[in-house]
């Protein structure tokens, strides 16, 4: 196993107890609803980890490879993947040394600043927690917004292109269609189902939906790979390295693709044997990185200069390959709940700590509903 070398703690370091270090605006360090959940096993954690990292960004990787080049793209994606896993493992290995059992990202930042040699940073360590929590909320709700738009866009395409869909799975001609209904109509159609989904607060129960999401995603991935490996053109005409200007577009897509980073600590905290999480992380992320590189590279080799923003736009307009949109949308639907857990566990504990216990459930569900509506904007 890999060895992570961590800096020694200063002799003066004393672990923060409870919420005292958070000052007047403190809230419980542990979300009470999450702490009551039953811990789950390796397979459930692996399923969640895979689903959180196989999202909408995966479909844009062929275009990312086009923006980087046939050689530079896969190498850069591998490097980003290795760096991501290293950072995940580093933070997972850090907080046990701070004598903490369950820590979220904001707390990890705060405790880390408490151990640094700079006196000013130690004094203001709580602002590290606030900063990280704000960035996590923004990032995760951003992912949820992308998921929402992706599902609505796919639903619109499937409904409005149904009369043009046939059983003839010939290469697709890119058509620009005038939408019949505004996409906001389709977003409102999905909204109530997402609200009901995020009311489920038990991650163990969500693992059932996560398994279903993995099955549908696996089916859609199988159909995509089945198509792109057929009759791949000679790749010798494709550039090994693209322009540095377009490489920045590749970098943005690649970073977005690793969208499960924010779920690592919540998953570890819910494991029955947290010490086994490193194995789960290595196994799951190895599968994810291999999948990323293969789909991105083969997709670019297949479609070349005609590669679209989403690989689904390059698939034939027949019922078989149109089902990819349906299956992938189902997978993204359930992944929404997993990504939503991160901002929910940051915001809701603070909000419910400001009200009486009799209002806890109502406020909890109201905040969840409001956050889902926010991602619909």
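Placed from the backbone N, Cα and C atoms, the Cβ positions cover glycine too.
Per TrEMBL, the feature domain 'Amino acid transporter transmembrane' maps to 42-354.
Beyond its flanks by at least six residues, the transmembrane segment (71-92) meets 2, 4, 6, 61, 64-65, 105, 108, 240-242, 247, 250-251, 254-255, 258, 261, 264-265, 268, 277-278, 281-282, 285, 288-289, 292-293, 296-297, 300 of its own chain at Cβ-Cβ distances under 8 Å. Per TrEMBL, the feature transmembrane segment maps to 71-92 (among others).
For 130-150 (among others), the entry in TrEMBL reads transmembrane segment. Sequence-distant contacts of the transmembrane segment (130-150), counting only residues of its own chain at least 6 positions beyond either end whose CB sits under 8 Å from a CB of the stretch, comprise 55-56, 105-106, 108-109, 183, 187, 190, 194, 259, 262, 329, 332-333, 335-336, 339-340, 342-343, 346-347, 371-372, 374-377.
Summarising the annotation, TrEMBL assigns transmembrane segment to 183-200 (among others).
The feature transmembrane segment is assigned by TrEMBL to 212-229 (among others).
According to TrEMBL, the transmembrane segment annotation covers 249-267 (among others). Taking Cβ pairs closer than 8 Å, the transmembrane segment (249-267) reaches residues 34, 45, 48-49, 52-53, 55, 57-58, 60-61, 63-65, 67-68, 73, 76-77, 80-81, 84, 87-88, 91-92, 103-105, 108, 136, 139-140, 143, 203, 242, 277, 281, 288, 292, 338-339, 341-342, 345 in its own chain, all 6 or more past its ends.
Positions annotated as transmembrane segment by TrEMBL: 279-299 (among others). Within the chain, the transmembrane segment (279-299) has long-range Cβ neighbours (under 8 A, six or more residues past its boundaries) at 42, 45-46, 49-50, 53-54, 58, 61-62, 64-65, 70, 73-74, 77-78, 81-82, 84-85, 88-89, 92, 221, 224-225, 228-229, 232, 257, 260, 264, 271, 307, 311, 314.
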